[in-house]
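Asks: To start, I am sharing the structure in question, which I have written as structure tokens.
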Amino acid sequence: TDFSDLVDAGPCVSSLSGGQRRRVSLGVALINHPKLLVLDEPTVGIDPLLRESIWDYLCSLTATKGTTIIVTTHYTEEARRFNKIGIMRKGRLIGDDSPNNLIHMHGGNRLDDVLLNLCKINDESNMNSFEPIASYKKLDDKLNTDSLKTVELISYKKLEYSKCFSKNDNEFVSRKDNPKERLVRQLAQFSGSLTKIKALTKRNLLMSYRIPSYILMALLLPLIHSIIILYTWGRDPVGQILAVSNQDGICHPGKVYESKEAARHSVEIGDTLGFIHFPRNFSQHNFNRLVLHRFATSETLAGSTVQISLDMTNKITTFLLETLQGKYSKFMEKMVSRINAHMDLRQIRTPLRFNNDNSTSDRGEWKDYFLPGNIPLMIFFYSVGCSLALIQDKEDGTLKRSQACGVELWHVYVSYYLSEVLIMLGQIGIVFMSRFLFGEYTNKGSFWLCFVIAFLSGWVAISTGLLVATVLSRSMEVIMVMGLVMLTTVYSCGFSWPLDSVTKPYRWICMYLNPISPPMMATRRVWNSAWGIEHPIIFGALLGSITWIIFLTSVGLIVERRQRNK
């Protein structure tokens, strides 16, 4: 930092000026004290005094450290410090010697004069190299190989097959090492791999730390998503308008019409979702129906029947049917109690008794179905961002430079698993917190089992993203493919509608080839039914997620190996 005049190491590179960035790049190249340095105009755009200090430092490296430095520059006078220079013009080397020898041969006091003289000589030689077409001779078809210079073998050493080589397949066979030496070597390799993974993980975390908006959005979006889902999905519709045609008397606070035809017309034009028609003398006929019971006349039965017509093109009417049936049962119970008919209420109730032992309320709610399953789906959705990070490394050339330094792809995979898992844990915590704080219902089963299922689902998403980024080479391609993967996964996982309604050929694909369907079913059962890991559905979901992780990771490594061997 002293020679580059970068005293403050705190600011990010993105906030530095152009000259400061070039100095940072030069400093990064010198960190490991390499034996060979290749620099492309390292002092362009840098203060002249600072430029001199940089050249002094580079010269000291060659003198004290034995470092070989190859520099390309357009400033000819900077080359006075070098031991040997080469002058190129139009892709050809027109001068190659030490600076002092070149100045002595071509005269002048500066390298600029030498450069000018060499360019003039080169242009004159190019002009004189053109000859008339008549002066050219036609070459024979047969090439005279006797006049060509050949390379003769001076000495050689014959190698025999020994312990180092196999006579059968000419493959290298390692000598039998001492078990202790083999163990030491394996431990050294393992330690080196851990060091590489640690460095890559630290780099990934630093890259995320330097983009605060990424971390903020990664943690804020699941919270917003959870709150929106909690307060917009799964609730019964309210405030729906029904038309009422009451010939028995005005006793309803709703929208009352004078005739049945007017009420029907309001449904047809969309003003109401349906209409209810009470016939004339409905109250009296209903009373007679209760008192006379099985001796009631046809007129009494017809006069005590409420006619209901609903707009069945709107699926909200499904909830209205359930509500109307429940309200009518309560109305009849109140009427029996009011007239003291000395009748057992069970006689007017539907002879069906529902024991909702596994429901969170007396009547099952739709949110009990999809809210638990939404947890692994949401974690899966927000954990595929690592594909963009890996493809960015490929486009920037960072991945190839890392591999040139001895890093393998599985090192990169493990580093992304570790760095993305930290963010994923925060997302899982936020999702569960929103469920408990705003969900208005509790988990009947094991919280940690739900947590493990969500964690493995996020890990499957990371593996999917890494595989896509390994196969493809451009960020736009990755975005399009991941969008297709996410849409296909969401629409076929049974998130908002049961998979039992899917056609049979496609149902098998949705249940077993969709990596998120089993975790959603398992989370729903643990949350609402308190099932444990001993149940086949729960155990199958855990085993399936682990299988997907191993499969996707293996395919990614195989694809990368084949791409590298091409």
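Yeah, the Cβs are placed from backbone N, Cα and C, and that goes for glycine too.
Okay, these came from TrEMBL:
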DOMAIN    13-43  domain 'ABC transporter'
TRANSMEM  211-233  transmembrane segment
DOMAIN    255-551  domain 'ABC-2 type transporter transmembrane'
TRANSMEM  369-391  transmembrane segment
TRANSMEM  412-434  transmembrane segment
TRANSMEM  446-472  transmembrane segment
TRANSMEM  479-499  transmembrane segment
TRANSMEM  537-559  transmembrane segment
Asks: I'd like the per-state residue tally for the domain 'ABC transporter' (13-43) from DSSP, helix first, then strand, then coil.
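Replies: Residue counts for the domain 'ABC transporter' (13-43) by secondary structure: 16 helix, 5 strand, 10 coil.
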Asks: Which one, 211-233, 369-391, 412-434, 446-472, 537-559, has the most C-beta pairs under 8 Å toward the transmembrane segment (479-499)?
Replies: 369-391
Asks: State the residues, same chain only, that lie 6 or more residues beyond the ends of the transmembrane segment (537-559) and have a CB under 8 A from a CB inside it; answer 'none' if no residue qualifies.
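Replies: Sequence-remote neighbours of the transmembrane segment (537-559) are 409-410, 413, 449, 452-453, 456-457, 459-460, 463-464, 466-467, 470-471, 512, 515, 518-519, 521-522, 525-526, 531.
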Asks: Please indicate, using numbers and ranges, the residues of the same chain that are 6 or more beyond the domain 'ABC transporter' (13-43) and have a C-beta under 8 Å from a C-beta there.
Replies: 1, 4-6, 50-51, 54-55, 58, 61, 65-75, 78, 210
